[in-house]
Structure formats: structure tokens, C-alpha cells
Amino acid sequence: MPESSTGELAREQKYVAALYERLDVLRERTRGQLDAVLAQGAFGTHQNRSERDNFAVMYTQRLARLWAVEHGLCFGRLDHAEESRADASRLYIGRIGLADDDQHRLLIDWRAPVAQPFYRATPAAPMGVTRRRHLHTRGRRVTAIDDDLLDLDSLTDADRASLNGEAALLAALGEKRTGRMRDIVATIQAEQDKIIRSDLNGMLVVQGGPGTGKTVVALHRAAYLLYTFRERLERRGVLILGPNPTFMRYIEQVLPSLGETDVLLSTVGELYPGVTATREEPPEAAAVKGRIAMADVVARAVRERQRMPRTPVEIKLDKFTLKLDRQTLEAARSKAGRSRRPHNQARAVFIRHLLTVLTRQAARHLGRGNLDEADFADLREDLRTEEPVRVALNRLWPYLTPQQLLIGLFTDRDRMAAAGLGAPERDLLLREPPRSGEKPGENWWSAADVPLLDEAAELLGDIDEGVLRAARRAEQEREERIAYAREVLELTGLADIMDAERFAERQQAEETYLTTAERAARDRTWAFGHVIVDEAQELSEMAWRMVMRRIPGRSMTIVGDIAQTGSAAGAASWARVLDPYVSGRWREEHLSVNYRTPAELMEVAARVLELVGADLKAPESVRETGERPWALRVATLAEAGPVVAAEVVGEGRLVVVAPAGMTEEIGTIVRAAVPEAATGPGPAALDAPVAVLSVTEAKGLEFDSVIVVEPGRILRESPRGPSDLYVALTRATSRLGVVHTEELPEVLNGLERR
Ligand SMILES: Nc1ncnc2c1ncn2[C@@H]1O[C@H](COP(=O)(O)OP(=O)(O)OP(=O)(O)O)[C@@H](O)[C@H]1O
């Protein structure tokens, strides 16, 4: 390294060391503030306590943020031309903003408006910047400096020699993958920055090919929006929806590394509180459940449960029999319908009407035709609690949970027929009921059921009785807590100085100490401040309905690639998906540069893309590796094992992408050659050196090397075969191979034969 550069490095080291010192001071100070608040305890008025809790949450989050930014705290510097004093014209850019006790800024948050030139300035439009410096650090040590000199006229010869426009980006892209997505805060590109800082309001669609950074940009946008609209979004929350739990694990560290922890990351299958959607089902069944027509099916299924019997209903009591004729029942039903309330609440209207009729009948039977109001009410109450009356009314208009409705529907062909499902759909959807004793939440629901549960919940509404029961239970629990607290206080001899109720409340307060994301996750009716949908092309029409309910303000970022749609229920065009909700009022941005897949691989993938759609254009790769992708024909698949083993090098990660029906078989073969290989999307998929995955499971992920097995079968396996093969071929950051026993599809003729 030339002497001048060593001197520069030492100067930067000094500055960065001072930043870390400041960070340590702030951590210690915040820790002290948190301890002080917690030490106050839960005493005083309700308002005092809620203030204390707010402060505690605030300090905890601030502390988490200060700890999260340790790695790569400062990564850049901007030098400006106009100001004369060197220190004033320099801005250091980092993960968070830091100032000293006199409020002199030491570090600028990357999301602040003044940091924008770090990502956008070019020699053609330098935005007042003469130099953009990238600082590379390991731990707290500055290891290297890269400069982009933007004011070309002012360059000295030495400057010209060190001009290194894309060095930082290329260094980042060339690094080995760790199995977890990293943030790109130091190397965000201009077209990405524009999307990250796009307006909060309205619906933004980001369409881009594989590897263009859609996911990583969406995550940085979440961090930017939280920084810029902190108050609004911290209160209402931000939801990030992704395609499957493996993908969520893959991305989960990015936001914390940017200092943002209070964001709800969820899949569609996790979005209904209390239900864990773990059951796998055939894609054809999921496709049927995803169709918009299912909204009518669910609505009809609800109406079917309000069906009137053809013959009058007789209710036998001890002394006489009451009768409800069809006309009365119809009248009650139309009254309930006119109330426009959901099923479980309209039930009250229905029951009230029938109880009035029954009370009049009963009065006649008792020879008391002219009851006054109070007696009438008493008699009515007596009837209401009579078992035969309760049973009869319940049968006519039962309370229903969404789970009961759907289990009732999918386990009964007649109900499905009545709800409008045709014979082939009935065959696909018919299921055994949950085993007795088994909670229907467990292992009964698939991800495609979740939007249907949500739809049903809208139509059914809350169960008043359930709410009442819950309230009664809560009161009972409170009393038990107070009794317990009294015992504790007596045992500890504190009974004289603290009252049991307050002691119990204090313990309770600790349980209700929830962040916005945690509260939102428990509440089906939560309205978020912003929703980001990743791999959005995979969402079914029914899933979109559910998502839209969570964001009445329609402030959304939707990222995806129509060319990669694999799910039969997924999107064929953004307009088809979004117009029903915002009819044309959405804006679209494009990402066009592929940061993941080298040019040699993209050349092969681009030919497959032509099969997906003649007018589709593959994104342009930002780098070449000089390594050509290859194809190897083997006599039997067992030979694939040693081929995979030979590809495992150093610390790199490798994925074997297999046709969906073959992952088990290939997994066994690969494990025989590489025992630590993982099969399927379990937790090991991201950490093992080798993983065997289907295309659906590998979507959105990336690996150093990829081996695709039997591409011909991937093409044939589903109507979206070409999209699936395109996805499979674009997962690699450096190497790609194809192993096949069948004839190689013509579209892959460009591969080098081994
Ligand atoms: N500006 C950048 N600096 C460094 N790395 C980047 C940049 N932009 C994207 N990358 C890297 O490129 C890779 C692809 O990004 P990402 O997964 O977000 O792409 P994608 O468009 O979502 O891809 P796909 O559609 O295939 O899921 C990631 O490793 C990401 O970190």
C-alpha cells in the first residue's frame, strides 16, 4: 500500500475508533436509563405505570438498536466541494446517526436526506460531492478504503490511479454466501436507492428479474420508512410477508442489522392468529382454494348453516309443545339478514325474534294471554334457558367459529356441493375430520386454508358468547392472581406495605409488555401502517383479499417477478392482481441489473426465459466469473452423489435443485456421498454445506453453487415448468451445473458438456 494510503487508513481508523467509543458511551447511558425506569416498579397511578412501561419499551428498543449496529457501524464518507473547512465538508455515513454531547454530528444515518448522494451521485450528476469513500471494516478495524472520485477535473494523478468505481460493490458480490441474507447498506445502487426512498403512501410495485435485489431493497425500504415516518409506523406497525418459513429465516437478520427489530415477518400461512398451517397438500388443491370464487363458496357455506327446515320445528317442553312454522322462521331470518351483521352477531336478532314468538305461544299455553312487560321478560328468560329451546335454536342458527365452518365444509361432500363446488373440486378438497381429541389447529390446516379462515372470520364475526366467556374467565383469573399475591405477601411479611391488588397488577404488567409487532401478530383485525409483500407473484387471489384487509390505507410495497410465478394460483400480471383493489392507482418501478447471477449463467437462463414469454427480458448481470455452466449425463441418478460431493469446495454453500417429486430420492443419494447434506426446507437447509430442495423451496434463496437435477422433468412437472426451471438456474452466485439421465431439453444446449 502506498504511504499516502497507509496514512489515510490510519486517519480513518482514528475517526472510526472514536465513533465506536461514542457508541459504547451511549449503550452504557441507555442501559442506566432502562435500569432506573425498571427500578421504579409498577407503583403509582395507572398513568404513571403506563408512562413507565412506555419508557421501558423505548429504552429497550434503543438499546437493541445500539447493539445491532456493531458490525460495520460506519461504512462511508462523502466529501463536498463547497465548504472550505475540511471537517465541515465531510460527512461520515453509517448504520445510525451519532452526535456528541454538544450535538455535533459525528455519523449520519444512511437514511437521512443528506446521505442520499452516497447512493445517487455520479460523475455526470455529482450532487456537490467530490469524493465518495467506502470504508471496509473488520470488527472495529478499518481494513481498506475505496474511493469514487466524482469531480473528474479536480483529480490528481494519484487520485486517477486509485479510481475504483465499482470496487466496493464487486467485493461485496464476490463474497461467499453464509446461508443468511446480509444487508447492502454500504453498496446500495442508485436505481435501488430510488425505490428505497420512494413515497410511503400508495401502492408501489417493484418488478425485477432474479437477483436484482428486490428482497434486499424491500428490507432496506422497511428500515428507511421506519426511520423517516417513525412515529406513525411504530404505532401501526410494518408487516413483511414472504413465501415460506425458510425464506423468512433467510432474511430475518437483515432488519436487526439495520437497527430495526419491531417489524412483523410472516408468511401467509402464519397470518391467522392461533392457527399453525403445517399441512402439505397437493398444488392442485391449493390452486382451487386460492381462486377468488372461493369467496362466494365460503359465503354460501355460511348461508347454508342458516338454512331453514322444510317442516315446522317442534319444541317439546314438559307441559306443552311449542311450534315454529316456516313463515316465522323466514321472517326471523330476513330480519337477521337486514341487520347486515356477520353471522354470529346476526344470530342475536334471529334468536330474539323467535324467542318473542315462542314466549307469546307459551303465554297462551299457560292461559296468560295478557302478560305485562316484566312478566313477559321473565317468561322469555325462562324459555331461553330451557334445554330443548336452546338446542332447537342452536340447530337453526348455530354459533360458528371459522374453524368449525371450514371443517364442516371440507369433510362433507353435500355441504361442498351446496356451497357451489363442482365434483372435481370436491374430490380434491374432501378431508377426514380432525381425530377426536385432536385440536383442529394442529396439523389440519394448510397455508391455502388460512385466507379461507380469514374470509370466514369476516363473515362470521366474533362470537359474543365466547367474548363473554373470555371476560368471565379473565375476571376469575384476576381474582386468583390477587389471592395468590395475598398469599405471597403474607408469606414474605410484606402485606403491611404493599396491597395485594397492586402486587398482582405489577406482575400482570410484566406479562403485557409487548412490542407493536407482537401485538399485531395476535390480532386478526390489526391495520398496519405499511405492508411489504415479497415474492408477491406467488400469492393467490384469496391471499390478496386477506392481505388487503390488513392494510386499509393501501400503503404497500409489492415486490416480485411475474416471470418467476410457480404457483398455479399465482399472478399472471400485476394489473390483474391489483386493479380489483386500487383500479390503476399503483406505481411500478423496475430493477434491471442482476447482482447475483454471473453473465455466463444468465446467458443460459435467458433462453429458458424465452419459453416463459417471448417478450420478457432477462436482467443484465453485473459481473462475469469466467466459469462456464456445464451439463453431465449420467446413466443412473445414483451417480449424481459423487458429482455433488466433488462440487463441495471450502466454505461455499451448494444447493441441489430437484423436481418436486424427487427431492426425497435425490436427498438419499446425496447424503450417501455428503453425509451432512440437508433435504427439504427444514432449519438445516440454510446452514448445511449442501441442501437438496425443490424449486418452490429454493425460491428467493441463493447459494454459491447450484446443481439442477433432471431439468427436463422440472419443465414437464407443472404448467409453470419454464418459470420453475428459470428460477432453478438463477439461484447461483458463481457456479452452475446440470445432471441428467433423460435427454437434455433443447433449451439448455448452450451448456458445456462434461
Ligand atoms: N447494491 C447491492 N450491493 C450488494 N449486494 C447486492 C446489491 N443488490 C443486490 N445485492 C445482492 O444480490 C443478491 C440478490 O438479491 P435479492 O435476493 O434481493 O434479489 P431478488 O431480486 O429478490 O431475487 P429473486 O427474484 O431471485 O428472489 C443478494 O445477495 C443481495 O445481497
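Even glycines carry a Cβ here, placed using N, Cα and C.
Noted in TrEMBL for the protein shown:
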type: DOMAIN; residues: 187-598; note: domain 'UvrD-like helicase ATP-binding'
type: BINDING; residues: Gly208, Gly209, Pro210, Gly211, Thr212, Gly213, Lys214, Thr215; note: ATP binding site
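Recorded features from TrEMBL, shown on the structure.
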| residue | record | contacts (Cβ under 8 Å, 6+ apart) |
| --- | --- | --- |
| Gly208 | ATP binding site | Lys214, Val559, Asp561, His590, Leu591, Ser592, Pro619 |
| Gly209 | ATP binding site | Asp561, Ala563, Leu591, Ser592, Asn594, Lys617, Ala618, Pro619, Thr730 |
| Pro210 | ATP binding site | Asp561, Gln564, Asn594, Arg596, Thr597, Ala605, Pro619, Tyr726, Val727, Thr730, Arg731 |
| Gly211 | ATP binding site | Asn594, Tyr595, Arg596, Thr597, Pro619, Ser621, Glu702, Thr730 |
| Thr212 | ATP binding site | Leu591, Ser592, Val593, Asn594, Tyr595, Pro619 |
| Gly213 | ATP binding site | Ile184, Gln189, Gln192, Leu591, Tyr595 |
| Thr215 | ATP binding site | Met181, Ile251, Asp534, Glu535, Val559, Gly700 |
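The Cβ centroid of Gly208, Gly209, Pro210, Gly211, Thr212, Gly213, Lys214, Thr215 marks the ATP site; residues of that chain outside this set whose Cβ lies within 8 Å of it are Asp561, Leu591, Asn594, Tyr595, Arg596, Pro619, given in sequence order. If you take every residue in the domain 'UvrD-like helicase ATP-binding' (187-598) and average the pLDDT, you get 87. Here the Cβ of Lys214 (ATP binding site) has 25 other Cβ atoms within 10 Å, regardless of which shown protein chain they belong to. Thr215 (ATP binding site) falls within a helical segment according to DSSP.
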